[in-house]
Amino acid sequence: MAFNLKGRSLLTLKEYTPQEIRYLLDIAKQVKAERKAGIVHQRFVGKTIALIFEKRSTRTRCAFETAFGEEGGHPVFLSTDDIQLGAKESIEDTARVLGRMFDAIEFRGFKQETVEILAKYAGVPVYNGLTDEYHPTQVLADLMTIEEEFGSLKGRKLVFVGDGRNNMANTLAIGCAKMGMHYVINSPKELWPSESFIKEIKDMAAENGGTFELTSVPGEGLEGADAIYTDVWASMGEEAKAEERERLLRPYQVNEEMMKKTGRDDTIFLHCLPAVKGQEVTFEVIEGKQSRVWDQAENRKHTIKAVLIATLL
């Protein structure tokens, strides 16, 4: 079923229905197949997108640039050293100006408030390429990767091990709840999300036939998991907390012993990257036969292209 998403922004995934997320994943599957078959389209000829980056990036920047450029569009990279975003010019005014010059805007940075303001004032679609709170384009790629592996999403079990209140844990919670999956956070209680967020996700999951659970016992809740997911212990901008996180999260390292706790040989390992091998995950796991991190990375491009197609055409 097709949906009219033209003009929509992508800020958290909360604003998209399960059916709309399904639609985006179906487009992503189509464009990936086209790419592999050598089929070339020029869907974005004459269109431009501003790519604003407060935080450095490999996958997000490359995915947006290639997804847009392959379709004949013109991406323009703007670091916050290059523009006046929130410095000599307000975010609101920057949004208004860029909205007159570009067909869309991507923002990757610290505050969720910034991307929300851009979306409110730009008058064109705005995409969250990562903030401290949410990372929706990554989770679309994660969902695509899980579906490629197992053929479906509903009823699948994903366990996030590590910092349970970071942007990945938050957005995976939304994505899993929307798609009727069973989501578990295995994390120290000090790093659990807020009570209000937990309630919101539990209600969302129940509405769609999924579940949301949390446990603080290292390695607990992994039984029967289709996928185990982790992320760096100290996110960008949290370098000062690295030593404290090391102390808290060392028991939560994803290693071969933890992977075996699922009781399955076909459980896959996921990571949004970049990874600190030997810290949150061992070399043996991330480089092993159960790892799908490189498929995830590739799928960033296909899912981002799907979002662009759905919201710009």
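In case you wondered, yes, glycine gets a Cβ from its N, Cα and C as well.
Among the features that Swiss-Prot reports, carbamoyl phosphate binding site is placed at Ser57, Thr58, Arg59, Thr60, Gln84, Arg108, His135, Pro136, Thr137, Gln138, Cys272, Leu273, Arg300. The L-ornithine binding site annotation in Swiss-Prot covers Asn167, Asp231, Ser235, Met236 and rests on sequence analysis.
Feature annotations (Swiss-Prot) mapped to structure.
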residue	record	DSSP class
Ser57	carbamoyl phosphate binding site	coil
Gln84	carbamoyl phosphate binding site	coil
His135	carbamoyl phosphate binding site	coil
Asn167	L-ornithine binding site	helix
Asp231	L-ornithine binding site	coil
Cys272	carbamoyl phosphate binding site	coil
Arg300	carbamoyl phosphate binding site	helix
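Calculated from their C-alpha atoms, the gap between Arg300 (carbamoyl phosphate binding site) and Met236 (L-ornithine binding site) amounts to 19 Å.
Between the CA atoms of Met236 (L-ornithine binding site) and Ser57 (carbamoyl phosphate binding site) there is a gap of 11 Å, rounded to the nearest whole number. It is Met236, among the binding-site residues Met236, Cys272, whose Cβ has the fewest other Cβ atoms within 10 Å in the structure shown. Neighbours of His135 (carbamoyl phosphate binding site), defined as other CB atoms within 10 A of its CB across all chains, total 27. Site extent for L-ornithine: among the recorded binding residues Asn167, Asp231, Ser235, Met236, the largest C-alpha separation is 11 Å. Across the residues the record lists as binding carbamoyl phosphate (Ser57, Thr58, Arg59, Thr60, Gln84, Arg108, His135, Pro136, Thr137, Gln138, Cys272, Leu273, Arg300), the two Cα atoms farthest apart are 30 Å from each other.
Look at the Cβ of each of the binding-site residues Thr137, Ser235 and count the other Cβ atoms within 10 Å; the largest number goes with Thr137.
With all protein chains in the displayed structure included, the most crowded Cβ environment within 10 Å among the binding-site residues Ser57, Gln84, Asn167 is that of Asn167. Met236 (L-ornithine binding site) carries neither a helix nor a strand DSSP state and counts as coil.
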